[in-house]
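What Swiss-Prot annotates here:
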type: MOTIF; residues: 59-87; note: motif 'Q motif'
type: DOMAIN; residues: 90-265; note: domain 'Helicase ATP-binding'
type: BINDING; residues: Ala103, Lys104, Ser105, Gly106, Met107, Gly108, Lys109, Thr110; note: ATP binding site
type: MOTIF; residues: 212-215; note: motif 'DECD box'
type: DOMAIN; residues: 277-438; note: domain 'Helicase C-terminal'
Amino acid sequence: MINSTNLNLTIKMSRPDEEELVDYDEAAEEILPPAPAAETNGDKADGDKKGSYVGIHSTGFRDFLLKPELLRAISDLGFEHPSEVQQECIPQAILGTDVLCQAKSGMGKTAVFVLAALQQIEPVDGEVSIIILCHTRELAYQIKNEFTRFSKFMTNVRTGVFYGGTPISADQEILANKEKCPHIVVGTPGRTMALVRDKKLNASKVKHFVLDECDKMLEQLDMRRDVQEIFRATPHHKQVMMFSATLSKDIRATCKKFMQSPLEIYVDDETKLTLHGLQQFYLKLEEREKNRKLNDLLDNLEFNQVCIFVKSVQRATQLDALLQECNFPSICIHSGLQQAERISRFQQFKAFEKRILVATDIFGRGIDVERVNVVINYDAPSDADSYLHRVGRAGRFGTKGLAISFVSSDADQEVLQRIQERFTVAIPTLPETVDPATYMTS
């Protein structure tokens, strides 16, 4: 166990796992339709600046001996110091070492595989050399944007994103065109698998294979089957990197079946996955009291942006409508929306055009909107993992944040108890007033 400035990092090199990947029974398969065209980095990159990571460390990005184009992009985007996760992962990752990393939300995991892949890429027109898989369309879209931002000065590198929502023929057209074919493919398992299966995406030249939020994909049999088939279509010798905020011992073992002697980095023990700088409270109330209390909180709390989580599409739609009736700048995202509309709404929220987002758990994992500093669980999450991913929307990159969970039933109370036991935290009752200095970054 190596103690870092404010985190515990467990780092180890594991032995090669000789086990074959197991086969799984057929499961219901959802093939997601496709996505926008590949972007070259002559296109305008997202100019949104996140600022420096939390903590001041002696190690700077220059110490990683990255390409000048990458260092220029890092500086241009306002990053100054690597996070603890990046300090431990990047030096090995850029050498092609397999990486298995568990780190809490907001610690810069995405930049690890983006920088490692871009550092090593040798683009050849018509060849896909990097595949990144993730479990939602929104996350795929966001990761594609991160590649675009960091490769803004690598004008010969093209990134494409493939997910459901548009006809697959659009993706097939891009991949068939040597001048448009992306060198980096970000996608959801269903759509990527369909393109590989139909021999439209040639994975035989892939050198880097990445799973983000890997537990979500490997726990679901249909997604796991798709991931395995894509994996088998790639060369035996390649770099494999997997990342998530939560990794059970079983899933860790599954991950390592895809890898050869991976560097394993576990930031904070699983039982201590708390978010630094995040104030967490709960509030007991009746179901019928939720709307009035939410109204009071939105009136009285100071916030940049707030995420409100509910348990169903219907409740998301109804609560969003109610908030708009009360003149709150609200918008909602849920699985019932057409893909183009979901992406449009996500962009509006990220661009600060709306300050309140009502969402189902589809928005809970991996989605990064840096201005969010308050999360309200209007409906309790289903389990401790879901809670972690929801409240992780606030307090990104070690900044301050506030999470409030409504508890209105015995079942809610049980979930709260499991959360406290799992993460060894005591979540107190919401006081009459909360000092804004404790959750607003000055």
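For all residues, glycine too, the Cβ spot is worked out from N, Cα and C.
Features per Swiss-Prot, on structure.
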| residue | record | Cβ neighbours (10 Å) |
| --- | --- | --- |
| Ala103 | ATP binding site | 26 |
| Lys104 | ATP binding site | 23 |
| Ser105 | ATP binding site | 25 |
| Gly106 | ATP binding site | 25 |
| Met107 | ATP binding site | 26 |
| Gly108 | ATP binding site | 25 |
| Lys109 | ATP binding site | 27 |
| Thr110 | ATP binding site | 21 |
Positions on the same chain near the motif 'DECD box' (212-215), where near means CB under 8 A and six or more residues out: 109-110, 113, 132-135, 139, 143, 242-248, 251, 255, 365-366
Overall pLDDT of the motif 'DECD box' (212-215), taken as the mean: 93
Collapsed DSSP category at Thr110 (ATP binding site): helix
